[in-house]
Structure formats: C-alpha cells, structure tokens
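Enquirer: Just dropping this structure here.
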Amino acid sequence: MAFHVEGLVAIVVFYLAILAVGIWAAWKTKNTGSEGDRSEAIIVGGRDIGLLVGGFTMTATWVGGGYINGTAEAVYVPDYGLAWAQAPIGYSLSLILGGLFFAKPMRSKGYVTMLDPFQQLYGKRMGGLLFIPALMGEMFWAAAIFSALGATISVIIDINVNISVIISALIATMYTLVGGLYSVAYTDVVQLFCIFLGLWVSVPFAMSHPAVTDIGLTAVHQVYQAPWLGSINSLDIYTWLDNFFLLTLGGIPWQAYFQRVLSSSSATYAQVLSFLAAFGCLVMAIPAVLIGAIGASTAWNQTDYGVPDPKSKKEADMILPIVLQYLCPVYISFFGLGAVSAAVMSSADSSILSASSMFARNIYQLSFRQNASDREIVWVMRITVLLFGASATAMALLASSVYGLWYLSSDLVYIIIFPQLLCVLFIKGTNTYGAIAGYLFGLVLRITGGEPYLYLQPLIFYPGWYQDDNNLYIQRFPFKTLAMLTSFFTNVTVSYLAKYLFESGTLPPKLDFLDAVVARYSREHMDKATLVKSDNIVLNELAPVNPRHSLTLSSTFTNKEAFNYVDSSPELSNTEDN
C-alpha cells in the first residue's frame, strides 16, 4: 500500500483544528470558578454546561471508536449480524434509565464525582476500593480505542501504527490538560459534527460501488455470506441477554457519564441531556450499521482488496476503514478517516479526564490531603491527566490483549459498581460491611467465571458451557448478571444483618471497627466527619472531628442550607461535645 501524503495532511489539519478548539475553550473559560473553586470548575465545568454543548458532549462520550467500529463489525460478521449489534440500543437505554432514575438524585445533591456518594455513606476506604474498577474501566477503554485508532489510520494512509497512536494521544491529552471539562465539551461538539458528516458522506459512495449488491437483498438472502440482519440461536439467548443487561445497566455507573450529569445547570437539565444523548447515540449508529451491511454485501474479489475477504483474513474488526479505503474515492476515505479519528478522541479525552477527576478529588483530596488547597488539587489533576494519558498510550502500544482487559474491567463496573450505586442511592440502611461483602462476592464470581479474551479459564462451570476450537471454555449461562445480582443482595443482606447485630446488643460497639453502624446511629460517620439532615446529606471533606468551614467544606458541595443546619443543630453539637 502506498503512503498517502494527502491523507496525512488531512489528518494533521483535523488534529490541529481540534487542538485549536480545545485551547480556545480553555482560554475562554480560564477565569471560570471562584478563588477556591477552580478544581471543581475543571471537573464539572462550573455547573453551567447548556443543553446544546451538554447534549453533544454526552453523545460524543458514548459514540467513540469502539462504538462506531464495533457496530459495523457486528453487522458485518456472518455469525452475528445486526441482531448482535447491541451497543446502539443498549447504550441508548442506559442513558434513558440514567436520566429517569440516577441523574436527578446525583445532580440535586451537588456531588462532584460519581464516587462522592459512596464515600459519603460507606467511608473513604470503600471509596478507594470502588475507585479501582472505575479507574480500570476508564483506562483500558482509552487504551483500547487508541489501539483501534492506530490500526484504522494505518489501513488508509499506511503510516506507522505507533506514531499515529502517540500523536492522537498527545493531542487529546494536551487540550484536556489545559482546559478540563470545558475543552473536552467544546471539542466534542466539533468531533461529533465531523463523525456525523464524515460517515454520512461516505455511505452513498460506498453503497454505489459496482461491487456492492443491494443491501436490502443481502439483509434477508444469502449472497456472499449469511444475511446481515443476523439471528439469535436458541442456545445463545442467555448470552445475548447477559451482554444486553451489561450494556444497559453497566453503562450507567461511569464517571464519564456522571461528569456530564453533574456539570448540568440543574437536575432537570441533567435528565434532558441524558435523553438527548440517547437519541443521538441511535442516530449516530445508523451510518455504522449501513457500512457493516455494505461490507457484507460486497464482492471483495471485484475490488482492489482482492481475495480472501476481510473476515477470512481476520480483519473483520477493521471493516469500517476497509470499506472507506476500497469502496470510496480517495478524498472521501480521508474524510471518513477524520470522522473515525474524531470518534476515538471524543471518547479518549473523556476517559482520561474522568480518571484524573476521581483520583484528584476522591483519593488525593478526600482520603489523604483534606487540607490541600484548591491550587494543589488543580496541579494534581494536571499531573494525573499526563500520567493516565501516557499509561493509556503505553497500554495501547504494548499490551496484546487491551480489549480483553477492557471487557473484564467493564464487567467489574457492571458487577461491582452498579449494585453499589443502587444501594447507596435507593436502599436505606446499607453500610460499609454490606458494601465490602457485596464487592468481594461479585469480584470472586466474575473472576471464577473465566474470560476468553484473556485466556482466563473458569473455575466455576455454569450450565451450558462448551469448549471452542481454540480449547477455550465459553459460558452460555448469564453468570455476569448472576454475579451482579449476588453482589446487590449480599450488600443488602449483610448490611441489615450487621445493623441488627450491633443495635440489638448481640455484638458490642467496640467490634464496629469500620464505624459503619454504631457511629451512624450516633449521627457520626466516616472518621467522625460532620453529617447533616439524613434526607439531604451533604458530604464534607472527611476531616476528623473539626471541619474547616473556610474553604474545603464550603466548596465541596453547593447546598448551603445544609451547612446552616449543621451549625445550629443542638443534637449534633451535643454529640461533638461528647
């Protein structure tokens, strides 16, 4: 394949444009946030993200390289087809459920990150444990899409994969570093527009290629391969449902999503943004579905690609760039490449910012440096943006099973964080003992179920398992959903059991070493941090006994009435005096 100078120039121009928008957004909003509020402005954009920008950035967060490439691949692969392209419906339903049930309670209580309610109710230790699967999900996701981008660019312009990955990561990290959520949000507007325009411009050219058969015919009839509409075998129905629930429910507890929710100017706006993004995800999946259908309807021996076809060459995961390269004019393929690059960067920057936000606030500030200044937190965020960006890039270049790691970590988000989020928001009475037990049970059940992408053999063989041609054990039973439900019910059961044992006197108070039951009963929790009214609890900075009202406590959340209640509560004053 020849090196395409035009393609390289097109990519460079696109990247420079994205970088310019990111820097402009950072400059435009550099004075946003008060003197002690700059870190929160970087994380949640000053809570003034409007509907237009918010809708674009939330949609672009999900419509990434994996979403576009993965949807096209699922439609193209004969054994799957459109019936197995679950991401568009799954993520859209995830956003709808998030808007209906999760956005309002999270935004109305003024949280700054997704981990805040966990540290509020379960303490900083549990917040640190939940940070691990959340961080793994974000980092492996960024690494996976950087890896996909490098392969995509190399298909079309024949440039070294490593160089393309490094340059793409540098651009995304640079504008995230200087502008935080503002830069990410404004660049998402440009990127989503490029995705939409680039893919839709490519579809008519690819569809009109002489080697392409009418996709309406190949949808239901076998021409070059099985119909691209696909089907679900009766033996695979439980696997399909397991994956569907993972996408729908496991797509909710991500910091990248809640960062947009918490940046909204109101709880109602947060809900509306979720619904807009759900619609946007469906619309943006249409050209990817069509490109996958075009790939399945093409006589590849009549194109420059030749024989065998992409699936026989094990290049089915690259069907989107292959269609752009061999079925579209050169200038159109470059335009489509810009669209794919935009899709990748719009997700990668969100993951990097999400990981650094959770670390700076929930680990560094709330767990170790409660007295840290706002300027210090800002610098910690900037350093971790660089570190996490470099780590994701290194994994994309060095790890051979990045996608397998991401699959496993996304499973952990579904199995561990989602049931914990349900409990912390909707189930009264859960405590740290139940949270830890649910965490461990879910983790053990997931790991012992095996992971083919990592060649991790199962220790528990559920009904319906079989061994594939590579001697890997495949589970048909929906064990991921079973692990999630087990984690949830374990949390509730152990929490209420611990509550009964301590409050009935069966266990002495001194055994409540996590201060999760007795301490809560006495209106004190989390290292004796001050609590307020139980119906509208506001998290403080987790400082022991004597909170600082001057900076950190007053800026942690926005509900000032709650702090007035703390100061005037005689019950709380008596508790502190004791």
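Heads up, the Cβ atoms here are built off N, Cα and C, so glycines get one too.
Feature table excerpt (TrEMBL):
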- 6-27: transmembrane segment (TRANSMEM)
- 48-68: transmembrane segment (TRANSMEM)
- 80-103: transmembrane segment (TRANSMEM)
- 129-157: transmembrane segment (TRANSMEM)
- 163-182: transmembrane segment (TRANSMEM)
- 189-207: transmembrane segment (TRANSMEM)
- 237-257: transmembrane segment (TRANSMEM)
- 269-298: transmembrane segment (TRANSMEM)
- 318-344: transmembrane segment (TRANSMEM)
- 377-399: transmembrane segment (TRANSMEM)
- 405-427: transmembrane segment (TRANSMEM)
- 439-462: transmembrane segment (TRANSMEM)
Enquirer: Report, as numbers and ranges, which residues of the same chain sit near the transmembrane segment (377-399): CB under 8 Å and 6 or more residues beyond its ends.
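Expert: Residues 38-39, 42-43, 138-140, 142-144, 146-147, 150, 162, 165-166, 169, 172-173, 176-177, 180, 348, 351-353, 355-357, 359-361, 364-365, 405 contact the transmembrane segment (377-399) from elsewhere in the chain.
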Enquirer: Looking at the stretches 129-157, 163-182, 189-207, which one shares the most CB pairs under 8 Å with the transmembrane segment (405-427)?
Expert: 129-157
Enquirer: Looking at the transmembrane segment (269-298) and the transmembrane segment (439-462), are there 3+ C-beta pairs under 8 A, with each pair at least 6 apart in sequence?
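Expert: These two segments do not touch.
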Enquirer: State the residues, same chain only, that lie 6 or more residues beyond the ends of the transmembrane segment (189-207) and have a CB under 8 A from a CB inside it; answer 'none' if no residue qualifies.
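Expert: Same-chain residues near the transmembrane segment (189-207) but 6 or more away: 14, 17-18, 21, 52-53, 56-57, 59-60, 63, 68, 215, 280, 283-284, 287-288, 290-291, 294, 323-324, 327-329, 332-333, 335-340, 342-343, 345-346.
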Enquirer: Does the chain bring the transmembrane segment (48-68) near the transmembrane segment (318-344), so that three or more CB pairs sit under 8 Å (pairs 6 or more apart in sequence)?
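Expert: Yes, since the transmembrane segment (48-68) and the transmembrane segment (318-344) share at least 3 Cβ pairs closer than 8 Å, they count as touching.
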Enquirer: Cβ pairs under 8 Å only, please: of the recorded stretches 129-157, 163-182, 439-462, which one is richest in them relative to the transmembrane segment (237-257)?
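Expert: Counting Cβ pairs under 8 Å, the winner is 129-157.
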Enquirer: Given a Cβ distance threshold of under 8 angstroms, which distant residues of the chain, six or more beyond its ends, lie next to the transmembrane segment (439-462)?
Expert: 126, 129-130, 401, 403-405, 407-408, 411-412, 415-416, 419-420, 468, 472-477, 479-480, 482-484, 486-487, 490
Enquirer: Pairs of Cβ atoms less than 8 Å apart decide it: which stretch in 6-27, 80-103, 163-182 has the most with the transmembrane segment (318-344)?
Expert: 6-27
